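Participant: Pulled from TrEMBL, these are the listed features:
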{"type": "DOMAIN", "residues": "B:27-101", "note": "domain 'Glycine transporter'"}
{"type": "DOMAIN", "residues": "B:114-185", "note": "domain 'Glycine transporter'"}
{"type": "TRANSMEM", "residues": "B:23-45", "note": "transmembrane segment"}
{"type": "TRANSMEM", "residues": "B:51-72", "note": "transmembrane segment"}
{"type": "TRANSMEM", "residues": "B:84-103", "note": "transmembrane segment"}
{"type": "TRANSMEM", "residues": "B:109-127", "note": "transmembrane segment"}
{"type": "TRANSMEM", "residues": "B:139-159", "note": "transmembrane segment"}
{"type": "TRANSMEM", "residues": "B:171-189", "note": "transmembrane segment"}
{"type": "TRANSMEM", "residues": "B:196-216", "note": "transmembrane segment"}
Amino acid sequence: MTEGIAERTQRGVGRLNLYRPDFLLLVVDLMGVCVFAVEGALAAIRSNLDILGVLVISFATALGGGMIRDLMIGAIPPNSVRDWRYPATAFLGGGAVFFFYQLFQQVPLQLVITLDAAGLALCAIAGAGKAMEFGINPLLSVLMGAVTGVGGGTIRDILLNRVPGVLQSDVYAAAALAGALVVVIGLRLRVPRWMVMTSGAVVCFVLRMMAVWMHWNLPKVMVH
Amino acid sequence: MTEGIAERTQRGVGRLNLYRPDFLLLVVDLMGVCVFAVEGALAAIRSNLDILGVLVISFATALGGGMIRDLMIGAIPPNSVRDWRYPATAFLGGGAVFFFYQLFQQVPLQLVITLDAAGLALCAIAGAGKAMEFGINPLLSVLMGAVTGVGGGTIRDILLNRVPGVLQSDVYAAAALAGALVVVIGLRLRVPRWMVMTSGAVVCFVLRMMAVWMHWNLPKVMVH
Amino acid sequence: MTEGIAERTQRGVGRLNLYRPDFLLLVVDLMGVCVFAVEGALAAIRSNLDILGVLVISFATALGGGMIRDLMIGAIPPNSVRDWRYPATAFLGGGAVFFFYQLFQQVPLQLVITLDAAGLALCAIAGAGKAMEFGINPLLSVLMGAVTGVGGGTIRDILLNRVPGVLQSDVYAAAALAGALVVVIGLRLRVPRWMVMTSGAVVCFVLRMMAVWMHWNLPKVMVH
């Protein structure tokens with residue numbers, strides 16, 4: 001019985017959705033959702049959207065990456081459709097920005113970047129970990145971690161009719177990939193889970209912050 | 001046996017897809033598909049697309065919202081992939097506009113807006129109702145109703161490289177949300193299904209029409 | 001036992017994903033992935049993206065169409081998430097273009113168009129065939145073939161913030177539809193599989209090449 005369930009989860013059959021993040025992971029996850037929702041709302045207000053547009057963009061920015069990942073790995077319905085706390089957090093974050101926009105505008109850019117890097121790190125390691133639990137192979141689990149981290153921002157930019165920033169900006173998706181890679185390697189080597197998750201998050205966060213501080217950029221081909 | 005089926009539907013396991021809308025609902029649904037297909041085709045022709053482009057946009061506008069909803073709630077393959085009458089209706093609507101464009105251009109704007117509001121109402125209540133049947137929680141069922149109503153138009157605008165109108169325009173998604181909310185509350189209170197559906201549709205339709213007539217708009221943050 | 005498996009595949013229940021393309025089909029499929037990845041990378045470099053952006057666009061262009069098809073027909077997780085050879089091929093193709101851009105630029109346009117037509121033909125027939133195997137009805141299997149062929153290019157254009165070329169250009173999606181139609185009709189008439197696949201691919205390829213050579217275009221409505 002237990003063996004059957006374990007096997008099912010591992011092979012990603014997972015329609016019963018036995019995946020239950022523990023409470024700490026949930027809190028951490030919702031913090032990431034909140035940060036991304038706030039950033040989405042700020043972008044939406046600057047694009048002159050009304051309150052509902054702001055909430056839609058908050059929702060898409062905060063939960064879009066995880067939704068794509070869940071559809072891809074077969075965790076259907078996606079977590080954010082099954083658990084009302086995810087959309088509620090996204091809407092709270094977006095609504096707060098709408099009603100207290102003056103306040104949020106005064107948040108120093110440095111803090112926004114730091115929180116965003118933390119959100120990116122949390123999403124990337126959670127995404128990679130969940131993909132591994134659903135039996136996705138290592139290469140694709142790393143990709144799924146990155147998708148979780150950058151997918152929401154990409155959907156936001158598509159909706160606001162911009163070229164997705166993640167395709168252009170300094171080391172952002174690369175940091176998510178690095179963090180996810182650490183998680184996948186760690187889990188394969190059977191390093192304890194908390195240690196794997198912590199180091200993955202640290203790697204992603206530090207890489208991203210250093211890239212911002214030191215103006216790192218990935219190489220480009222010069223097109224004449 | 002019967003209990004097993006009911007339970008499965010309710011928990012959204014639903015791979016067997018026991019969801020079968022009755023005949024009246026099907027007709028009403030296909031009318032909504034047709035209205036949206038016509039609108040999509042008009043936008044595509046104005047964007048100078050060829051006949052196949054027009055049919056693609058008709059298809060995406062008419063069926064995109066329902067497809068996203070079905071993927072999200074776990075009704076896979078989506079209804080419009082399983083039942084050929086949905087794409088056939090979308091293509092018929094789009095093709096009719098292509099071949100009789102002169103005629104369709106003469107349809108008064110007032111009629112287009114009214115039919116569109118009716119289509120929105122039908123999609124929103126059908127979407128919310130289906131999400132509830134698949135065991136999605138109330139908050140998310142309301143959202144799924146709105147997604148069904150506005151998803152297709154959003155995909156159309158992304159494909160035509162515009163900022164989705166639904167993010168900017170007057171009370172549109174809000175009307176869909178209101179209709180879906182009525183449906184979800186009604187179904188929870190075990191009000192008879194036909195009464196719930198009718199009042200949801202009326203609320204959505206009336207809200208949308210009043211918003212157009214009275215130039216209602218949702219509040220925005222003034223960005224200096 | 002065997003009967004049960006066959007039936008399950010046919011009805012598209014398919015969570016166990018018994019679908020295993022044989023080796024020849026795999027090689028052919030990966031060649032198509034590689035061609036599309038190269039084209040995606042060329043477009044990304046011309047849009048001034050960095051190396052990661054180039055790889056993301058390669059991945060999306062090469063595998064996006066098949067992913068959408070797999071989500072739609074219920075083959076979840078999609079093939080390209082389950083089998084690491086698909087993303088690996090896409091990344092190899094994209095990476096090669098990045099590091100040897102000078103070389104790839106000298107490839108004559110005629111060759112690029114020919115290879116692209118071949119890739120389109122392979123994707124369209126493989127997509128239509130897979131949809132039929134999952135028990136999708138004929139009309140929608142034809143559409144799924146076309147989605148497989150043109151979906152990736154459409155996602156690429158959305159990410160690069162353009163109107164998808166497939167909606168505007170000469171007979172491209174139409175060729176994919178024609179090839180998929182041949183496959184679906186052939187499979188329904190129980191013509192041997194290799195004959196069906198070959199004729200579908202030839203029809204798509206020849207149509208596309210003739211459209212390019214003879215500047216065919218689909219009709220448009222003149223908007224005054």
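Positions of Cβ are set from backbone N, Cα and C atoms, glycine also.
Whatever TrEMBL says is automated annotation, not expert-curated.
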Participant: Work out, from DSSP, the number of helix, strand and coil residues along the domain 'Glycine transporter' (B:114-185).
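Facilitator: Helix/strand/coil tally for the domain 'Glycine transporter' (B:114-185): 58 helix, 0 strand, 14 coil.
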Participant: Among B:139-159, B:171-189, B:196-216, point out the range having the most Cβ pairs under 8 angstroms from the transmembrane segment (B:109-127).
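Facilitator: Against the transmembrane segment (B:109-127), the leading stretch is B:196-216.
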Participant: Near the transmembrane segment (B:139-159), which residues from the same chain, at least 6 beyond its ends, have a CB less than 8 A from one of its CBs?
Facilitator: 36, 39-40, 43-44, 56-57, 60-69, 72-73, 120-121, 123-132, 165-167, 172-173, 176-177, 179-181, 183-184, 204
Participant: What else in the chain is close to the transmembrane segment (B:196-216), if you only count residues 6 or more beyond its ends and a Cβ gap under 8 Å?
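Facilitator: For the transmembrane segment (B:196-216), the far contacts come to 113-114, 117-118, 120-122, 124-125, 128-129, 149, 170-172, 174-176, 178-180, 182-183, 186-187.
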Participant: Per DSSP, what is the residue count of the domain 'Glycine transporter' (B:27-101) in each of helix, strand and coil?
Facilitator: 63 helix, 1 strand, 11 coil
